[in-house]
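As structure tokens, the structure follows; a few thoughts come after it.
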């Protein structure tokens, strides 16, 4: 695969007041690949995503995009670079239709007037390029869509802008079996179209079905970044729950956050 | 691209420009006017319709801005108090030998209204407290301020400087009252803005899901602030209409209850009180309907409380229809 990661994080630190949520986190997203970001609740996955998307500013560390060092201070900065995030809670407005949602905040205009035909055409082309056939009309209100269709629209919105990196925060969390399969297929297709995809997920089957690499966070530290084909389910679960698995993961004698509080030191 | 997709692009890209509610309202107004024309022959004459339009103007004008505020998911119950402040301030400036001219009076009133709107807007957009609480607070504040400006009694001897907006012959061109004409133009501009510009669409997005709008890059706080400043500005202009419609005396009841009249017009016009949906055209029709009922009740010689009864029924029917529509949309 390509040697340069599209998006590379080095030594990211992030604290909220006295609580350090991310410690020296590094991660890479490669073009044409799906990188699964896994970790237990509170491991720092969502915080890491919000640091990448510019909602949070990082305390220390470097973000490289296409090999260049960049600073991302707002979601707009991220979008300008070509980084799009599809949030867990499906950030769509129920009262707007599909086209209006896809272009919200970045409407196409002729002068000051909205250019509806152009927006409709771009939306139709984007949905067609993702082989989405499930929506009846582009002018359907998002309120009338199913969970899977909403997720599809959210993803289509993210790829509309020739974005290079798409980050998906648990896109299948609220979906049924069939819809989950549809969305995963779509995620795979994004990578096959050459985008760098980062997928946050709790579901091991999903991770193994769709990802090329796995990055496991454990208590705010990157426990391991591995190729999916090099590891087993059990190893990934160990990385998530214990931070290490065999010779993979964090060093065992490293001072843990609990060491200070536990009589006898090590866990 | 497939033929189906192309066909979709060629057909009307936006939903119909007139909502069902608006068509129903036009129908109700036509029926009401016809009934009134039959029962009181004097109703369908210029002498009766002109004052009706003049009286509709301030409510409809503030209603335009109120519609936008309610579309964003907010509300402004301080417009009555704001009208009081603007009217008394402007009326006092008009009085006396060194009274200001028409243009200065309008600018003064609009500036005062804009300032009051700015207070509301800053508190609501940046204070993260619900609009009804903030504007309930500022409503009392504005009323206190208005009463202080009144001093002990009424403002007397207001000259006819604002007759351009009034009921008299100076207030009409080709038989159409200026106040109503101005309201019509502002409603049309607002209708166009809401439908065909990105800024207009953002008001709807905020009312639908403010968090989603923010993540999509909409400047939510700036938009919300703008909605309340606009309300203040139109309150300022509407206050000039109010002064012009009155006698040479302005008393302390000015503006009282106007917030409810305006919200009634907005709701009857089909704007969802939950935000995210609405139309300024509906609000104009709603205001016209409310005023027609009031005028009809008076001309029929009925007791004026009956007018409140009818308006109450209209509000309940309108809200009920909105709920039914929302339910139908969800189950589709």
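FYI, residue positions are counted from 1 along the chain as it appears here.
Cβ atoms are placed via backbone N, Cα and C, with glycine included.
Annotation comment: TrEMBL describes B:23-44 (among others) as transmembrane segment.
Look at TrEMBL and you will find B:51-71 (among others) tagged as transmembrane segment.
TrEMBL lists B:102-126 (among others) with the feature transmembrane segment.
The transmembrane segment annotation in TrEMBL covers B:132-151 (among others). Long-range Cβ contacts of the transmembrane segment (B:132-151) within its own chain (Cβ-Cβ under 8 Å, at least 6 residues beyond either end) map to 75-78, 80-82, 84-85, 88-89, 92, 116, 119-120, 123-124, 252, 255, 259.
What TrEMBL records for B:172-194 (among others) is transmembrane segment.
Marked as transmembrane segment by TrEMBL: B:225-248 (among others).
Panel annotation: around the transmembrane segment (B:260-289), residues 18-22, 25-26, 28-29, 32, 56, 59-60, 62-64, 66-68, 70-75, 77, 79-80, 183-184, 187, 190-191, 194, 204, 206-208, 311, 314-315, 318-319, 321-322, 326 of the same chain, lying at least six beyond its termini, place a Cβ under 8 Å from a Cβ of the stretch. Under the heading transmembrane segment, TrEMBL lists B:260-289 (among others).
For the transmembrane segment (B:309-326), the residues of the chain that approach it from at least six positions outside its boundaries are 21, 264, 267-270, 272-274, 286, 289-290, 293, 297, judged by C-beta separation under 8 angstroms. According to TrEMBL, the transmembrane segment annotation covers B:309-326 (among others).
Where the transmembrane segment (B:225-248) meets the stretches B:51-71, B:102-126, B:172-194, the count of C-beta pairs under 8 angstroms peaks at B:102-126. Remote same-chain residues near the transmembrane segment (B:172-194) are listed as 46, 50, 53-54, 56-58, 60-61, 64, 67-68, 71, 164-166, 200-201, 203-204, 234, 237, 241, 244-245, 279-281, 283-284 (criterion: CB distance under 8 Å, separation of at least six residues from the stretch ends).
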